[in-house]
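These notes are about the structure you will find just below.
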Amino acid sequence: MMKKFNDTFLRAIRGEQIDHVPVWYMRQAGRYQAEYREIKKTRTLFEITHDSELGAYVTELPVKQLGVDAAILYKDIMTPLPSMGVDVEIKSGIGPVIANPIRTMADVEALQPFNREDIPYIYETIRLLRERLEVPLIGFSGAPFTLASYMIEGGPSKGYHKTKALMYGQPEVWHALMEKLGDMVIDYIKSQVDAGIQAFQIFDSWVGTTSRKDYVRYIKPTMERIFTELKDTGVPMIMFGVGASHLAEEWHSLPLDVVGLDWRLSIDEARERGLTKPVQGNLDPSYLLAPWDILEAKTKEILDMGMKQPGFIFNLGHGIFPEVDPEVLKRLTAFIHDYSKEKMEVGK
Ligand SMILES: Cc1c2[nH]c(c1CCC(=O)O)Cc1[nH]c(c(CCC(=O)O)c1C)Cc1[nH]c(c(CCC(=O)O)c1C)Cc1[nH]c(c(C)c1CCC(=O)O)C2
């Protein structure tokens with residue numbers, strides 16, 4: 001018998017009637033899973049994504065194992081960059097490393113427009129997943145600032161000094177780069193929507209390193225254009241970044257649907273600051289290593305805050321890390337479902 005499609009995640013975003021709080025986890029496909037580690041013994045991330053059957057398997061695995069309410073397409077924020085001429089490799093335990101960093105206007109001019117024909121395997125994975133999944137499929141893209149930070153630094157960074165030096169010192173180069181990456185994000189998300197994704201998240205993971213004033217001046221115009229152009233897709237749009245509480249009002253004012261929060265700003269505080277839109281978050285993933293009663297108490301606290309108004313999706317404040325026990329995530333998912341279900345029934 002076919003199981004009924006669980007659209008709780010999409011209904012929650014629309015503020016519709018639901019019977020439990022939906023949950024999914026950033027990095028729900030990854031090295032905390034034994035099956036994933038086994039696959040990674042012989043294949044790189046790019047090799048997995050080029051194999052649509054394998055990409056679909058890895059995407060679906062946490063949905064089956066944990067019982068989460070949404071799947072996030074397995075790929076990386078680096079996936080579209082080779083199409084633009086970026087020479088990128090993802091090194092295990094380090095992250096993306098780029099051999100041809102951006103330093104000058106000539107480097108920006110040399111970037112090619114993203115071409116969806118370069119990544120047919122991603123769309124094939126989306127099509128396979130839409131046939132198989134009983135929960136919505138989330139697509140995603142990195143945001144221009146976060147992608148630019150890798151492209152300028154040449155890899156992961158602590159201070160983002162080269163990125164900001166280019167932003168402040170060569171603003172015309174910076175804006176040209178933001179424009180090109182903005183074009184890519186728009187077409188890349190549209191292409192994923194055409195293939196069948198049902199929501200998307202924009203990862204501006206490292207944008208919290210900029211001030212509010214700089215965000216408005218150097219980054220927000222491109223974000224405004226991205227969300228304005230993508231609104232027509234009709235697919236819910238989620239924003240996320242780490243340590244970006246000071247930008248929460250700026251995000252809220254963008255034409256997006258869901259504001260993702262990390263653990264630095266509580267949901268109550270976000271509401272007090274006028275964030276009336278649906279929120280997603282925000283358990284500090286470190287709690288996943290704490291004893292169960294401590295994790296449960298914190299989860300309850302977040303659910304109690306999130307459930308004060310419609311439009312709440314439970315997630316972590318950042319991705320799952322390799323040391324986390326899958327059994328803990330399974331128990332947590334069941335707890336979120338049971339606790340919120342009970343609370344909704346009492347509230348009726
Ligand atoms: C900044 C960023 C990257 N990639 C991503 C971000 C934004 C989210 C965030 O803030 O963490 C997004 C991403 N990367 C990956 C996903 C898959 C979907 C999911 O969340 O399950 C998603 C959503 C796979 C991946 N991307 C990567 C892994 C882990 C290593 C691997 O399996 O090769 C996975 C599962 C590699 C990667 N790729 C990147 C980093 C920092 C790393 C980690 C390096 C490491 O610790 O080894 C860049």
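Including glycine, each Cβ sits where the backbone N, Cα and C put it.
Long-range contacts of the domain 'Uroporphyrinogen decarboxylase (URO-D)' (22-31) within the same chain, counting only residues at least 6 positions beyond its ends with a Cβ under 8 Å from a Cβ of the stretch, are 8-9, 12, 37, 40, 58-59, 61-62, 66, 68-72, 74, 138, 240, 313-316, 318-322, 329, 333, 336-337. Positions annotated as domain 'Uroporphyrinogen decarboxylase (URO-D)' by TrEMBL: 22-31 (among others).
Annotated substrate binding site per TrEMBL: Arg27, Gln28, Ala29, Gly30, Arg31, Phe46, Asp76, Tyr150, Ser205, His318, in sequence order. Sequence-distant neighbours of Ala29 (substrate binding site) (same chain, six or more apart, CB under 8 Å from its CB) are Tyr36, Val58, Thr59, Leu61, Pro62, Ile72, Tyr74, listed in sequence order.
Counting only same-chain residues six or more apart in sequence, the Cβ atoms lying under 8 angstroms from the Cβ of Asp76 (substrate binding site) belong to Leu45, Phe46, Thr49, Ile90, Pro96. Annotated site 'Transition state stabilizer' per TrEMBL: Asp76, in sequence order.
Marked as domain 'Uroporphyrinogen decarboxylase (URO-D)' by TrEMBL: 138-154 (among others). Note on the domain 'Uroporphyrinogen decarboxylase (URO-D)' (138-154): DSSP counts are 10 helix, 5 strand, 2 coil.
Taking all protein chains in view, 17 other C-beta atoms sit within 10 angstroms of the C-beta of Arg27 (substrate binding site). Around the Cβ of Arg31 (substrate binding site), the same chain contributes Arg37, Lys40, Pro322, each under 8 angstroms and 6 or more positions distant in sequence.
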